[in-house]
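The following features are taken from Swiss-Prot:
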BINDING   THR154, GLY179, ASP201, ASN242  S-adenosyl-L-methionine binding site
Amino acid sequence: MPFLELTLSCSEVTLPRFQNALDDVGALAVTMLDADADTSNERAILEPGVGEMPLWDRLTMTALFDGDSDALVVLAALEAFDPGLDWSQVAFRMVEDSDWERAWMDLFKPMQFGERTFIVPWNHALPEAADTPEAAVVRLDPGLAFGSGTHQTTALCLRWLDSLAGSGELQGRSVLDFGCGSGILAVAALKLGATHAVGVDNDPQALLATADNAQRNGVDAQLAVYMPQDEPVQTYQVVVANILASALDALADTLAARVAPGGRIALSGILHGQEDDLLKRYAPWFEQLRCERDEDWMRIDGVRRG
């Protein structure tokens, strides 16, 4: 079945008006992307707080309508909400259902992190390299923009977990995934040999996503999720926190207290240039601190002092 696709450039200020207009004329789906993606002006938006919806300054909005929708009706609705609309920033085209499916498949493909960790979308066959007893395969819904493995902050953590598994430091361990998002790190840790994991996030939707992904991957009996205020006060042998540098700084005492003596910690969500302050911040509790870089992003990991 064909669909009518609208592409529109807008700003954070004009976005609400256009959203209302598109809803009024029957948009089936609306997506927003950073219009400055892959440029020097690209701005990363990671884990927002509850009730927050941070957006880019310039956006590319794509809306999908039934194939028999009238493009002129859509244009009239847009003009009613913004008479000064720049029509050169508006484009329509007809797309087949298969085009969307193919684009989806092309965008999200199986990914390997380290020697044995694979993130595989549900709509993909298992790659040959992952079809071995040693492989740790995490199946994810490719609709997850953050926490799908495609961002460097997540990739840095997945490679770290894979390296722990390779050295035998994850088998039989307990894991805390602080700022769990989709739960990809907690689920991967369990697939790599950890016996129990806890996911903590201040977004209730993230906890639902984590629980759902754990169930789909058959590790739900080993994983519990909590809001920060409800998390049991205990220590873990492995702690990973993929949040923002400002939050890592503010939560240093809390995160350090969650790591058992001799346990391992990984901190991610750190832009290059922010790592020195965080290294100093965590040095009182951790030794063997080191950094790994992936493009503009850094990971810090270390061992809890005894």
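Here the Cβ of each residue, glycine as well, is placed from N, Cα and C on the backbone.
Annotation note: THR154 (S-adenosyl-L-methionine binding site) sits in a helical segment as assigned by DSSP. In the three-state DSSP reading, GLY179 (S-adenosyl-L-methionine binding site) counts as coil.
Maximum intra-site Cα distance, S-adenosyl-L-methionine binding residues THR154, GLY179, ASP201, ASN242: 15 Å. In the three-state DSSP classification, ASN242 (S-adenosyl-L-methionine binding site) falls within a strand.
Secondary structure from DSSP puts ASP201 (S-adenosyl-L-methionine binding site) in coil.
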